[in-house]
Structures are given as structure tokens and as C-alpha cells.
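Presented below is the structure to which this report refers.
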Amino acid sequence: MTQEKHNAAILGGGSFGTAMASILAANGHNVNLWVRDPETAAAINIDRENTRYLPGAELPKEVTATDSLEEALGGASMVFVAIPSKAFAEVLEQARQWVPDEAVVISCTKGIYADGFLLMSELLHQYWPHTRIGVLSGPNLAKEVVEQKFTGTVIASPDETLRQTVQNALSCDYFRVYDNPDIYGVELGGALKNIYAVASGMAAAIGVGENSRSFLITRALAEMSRFAVKLGANPMTFLGLSGVGDLIATCTSSLSRNYQVGFQLGEGKTLEQAIECLGQTAEGINTIKLVADKAAELDVYMPLATALYKIVYHGQPLELMIQNLMSGEYKHDVEFQLGAFTS
């Protein structure tokens, strides 16, 4: 089958946006990579490298960096949005006039927008209602993607044709794209796991064992699915790449930004110091407070998320997380209750 060639726009020149640009260009698509800074755009075009976020990774000649949204979006049939959640709505508003009607638009951002507890796909529906919207999520550490280490991901959308289009555009011998119609569950999985990556990094810093880490990750999955079902997601989604797959990768890898921030916090650094050391966005830090507040509002039992909020934002000792894990109310080991899910 001959692959259709696309004009693709990537909004966001961070590590994941750059990784997506690399895959699309290597697959023969024309790619415009939008970055805010004109000097960064010029450097990428000259050096064929994003030295700040993915140093050493050569970008194909089909990638053109630009600081102009109009130029990036002109004639685009596919748009990948990889903007930090705090700036997501701002960029959507700025770009609104140049987004082509019926363009396939994919959110790559694993975060939650504070005003209204909105996921990124919900913001896309608000700002770009004339487009076709999906979400890309999974255990996709950007450095490994550009190093072409074999990776799986998920494209989620109720639009089957959109899912097939994205699968065809991104799939190659090292990047396999699965599909899922549960856009809300896939997106929630990507956002929620960042909380527990922070927790896992903190636990690693104080030297917990492998038993402890496995315990932490498994109970994190229970919290994620419990919370998501309350919001209407399919719990089975959390057994796939965008759920447990992403959770494992993010909670066990030092390449994970959220894990790195957690590790720094566990070593005794302040939140400000940890973020400064990272030099990039760690979505989990913002998500912790949003989810802890929402869990309280919805009366969802989330002892890990609640303890982590108190540790990060109120200076409580790290031992509180362990105490909550070990002394909370007794629960079933497996809590995937399909009866609670309504499509």
C-alpha cells in the first residue's frame, strides 16, 4: 500500500515535539516545526539538531523549523500539538485563524488544564471545533524514540478514519501505533501517570527496594483507574500501553522528567530547585494539585496522590506517602469493575 504523504505541523519544539517531527520526516512527510524563539528555529535549520532538548539527535532535512504559526500551519493536513498544558490554550488561541478546516489535530500533551479541569482534547474542541481531534499517548520517552529504539504508542479518537490516518503516517519499523476509541481514558492515563512518576522518583531517592517500587506502581494503577472510571473512562484502557505501559516507563526510567523531579525532591531539594535543575516542563507537578483537589471533590479514594500533594505543596515528610500506602483502608487487589463503565 502506498503511504499518503502529508504536510504536517508540529506545534512545540520540546523533546517530544522534536521526536514526532523526526519520525514524520523520516517517513517521507513534509514537516514544519513551530518554536517560539526565532534564534532556536534558525539554529535547528542550520545545525539539523535541537541542542536544548535532544542534543545529538540529527533531524532529517524534511524538517523546517519556524517561529511563525502562519507559516507552520499553512497547508497542513495534520497538526501535532506538543505544548505544555499551562500554555496550551494560549497557543490554540494564537493559532486559531491559521488552522485548516478538517485538519487532523493530535494532542501529544500529557497534562490537565487547571481552569475547569479540562483535558487537552477538550480544549481543542473549544478552540478548533472545525478540526478532527485525537490524542497520542503511551510509553514514549523522546530520547529513545529519536534513537529508534522500538516503541509502541496509542492513537485515540472516536473517529476511526483519523486513527487509521495517524497509524499510517507514524508507523515504521521502530514505532508501532495501536488504536483505541476511548480518547478520554487514553488521555487521562497519560496525565495521571505523571503524578506517580514523581512519587516513584522520590521513593528511589530514599532507596526503597524493588518490592516497594512494584507495590507503589501497582497501587498507583489502581488509583488511576478508580479516578478515571469516576470521570467516565473505560477501566480496560488502563491495562494497555497508555495506562500501565506508560506508568511503568515513567516510574522506572531516569529519562522521565517527572521521575527526575521526584528524585531531586527525595534528595531534599526544594520544588523550585528541582524544577530549575530539570530545565524543562514536568507536567506531574501541576497535575498533583489538580487531581488531589478533584479527588476530594468527587470523593475518590487516592491515598498516594493525596499524600504526594501534602508533601510537595505543604512540606510534609516523605514518610507520609509510605504511611498512607501501608495504613490506608483495606481494598481488593484488583479493582477493575467493568460494571462501573458506561460508554
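Note that Cβ sites are derived from N, Cα and C of the backbone, with glycine treated the same way.
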From Lys5, Lys193, the one annotated by Swiss-Prot with Lys110, Gly138, Asp246, Ser256, Arg257, Asn258 for sn-glycerol 3-phosphate: Lys193
Of Glu70, Glu71, Glu223, Glu283, residue recorded by Swiss-Prot at the NADPH site of Ser15, Phe16, Arg36, Lys110, Ala142, Arg257: Glu283
For sn-glycerol 3-phosphate: widest Cα to Cα gap among Lys110, Gly138, Lys193, Asp246, Ser256, Arg257, Asn258 in Å: 15
Sparsest-packed among the binding-site residues, when each Cβ's other Cβ atoms within 10 Å are tallied, from Asp246, Glu283: Glu283
Sn-glycerol 3-phosphate site shell beyond Lys110, Gly138, Lys193, Asp246, Ser256, Arg257, Asn258, criterion: Cβ within 8 Å of Cβ centroid: Pro139, Gly190, Asn194, Ala197, Leu247, Ala249, Thr250, Glu283, Gly284
Among the NADPH-binding set Ser15, Phe16, Arg36, Lys110, Ala142, Arg257, Glu283, as the record gives it, the longest Cα-Cα distance in Å: 21
For the recorded positions Arg36, Lys110, Lys193, Arg257, the one whose C-beta sees the most other C-beta atoms within 10 angstroms: Lys193
Cβ neighbour count within 10 Å of Asn258 (sn-glycerol 3-phosphate binding site): 27
Euclidean distance between Cα atoms of Ser256 (sn-glycerol 3-phosphate binding site) and Ser15 (NADPH binding site), Å: 11
